[in-house]
Amino acid sequence: MLKTTLLFFVTALCEIIGCFLPWLWIKRGASVWWLLPAAASLALFVWLLTLHPAASGRVYAAYGGVYVCTALLWLRVVDGVRLTVYDWCGALIALCGMLIIVVGWGRT
């Protein structure tokens with residue numbers, strides 16, 4: 001379970017970075033060269049999703065829970081926004097959903 005969660009976390013970071021770098025280019029006028037590491041990050045994101053033994057749709061659904069939590073961590077650390085009680089509650093619900101799906105992988 002820990003290995004799966006850690007893999008989902010790294011996958012989420014790759015997706016967020018792959019989307020954040022083009023955002024910097026478009027919104028903040030960063031160099032167009034940031035699109036190269038963005039593309040590499042998104043390619044790594046896709047590859048990491050293939051490392052799970054479950055069906056792709058199940059992997060995507062479970063990954064979503066960890067993505068929500070990782071995005072909120074990004075919001076706090078990178079964007080400097082303080083999380084609200086609604087953020088924490090949403091993260092908890094998302095993680096519970098991920099846990100239910102992952103535990104069920106071996107039972108189907």
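Along the chain as shown, residues are numbered 1 onward.
Positions of Cβ are set from backbone N, Cα and C atoms, glycine also.
Identical topological domain names are assigned in Swiss-Prot to LEU2 and ALA54, which places both on one side of the membrane. DSSP states for the topological domain 'Cytoplasmic' (27-30), grouped as helix (H, G, I), strand (E, B) and coil, give 2 helix, 0 strand, 2 coil.
Distant neighbours of the topological domain 'Periplasmic' (52-60): 4, 7, 101, 105; these residues of the same chain sit at least 6 beyond its ends, with a Cβ under 8 Å from one of its Cβ atoms.
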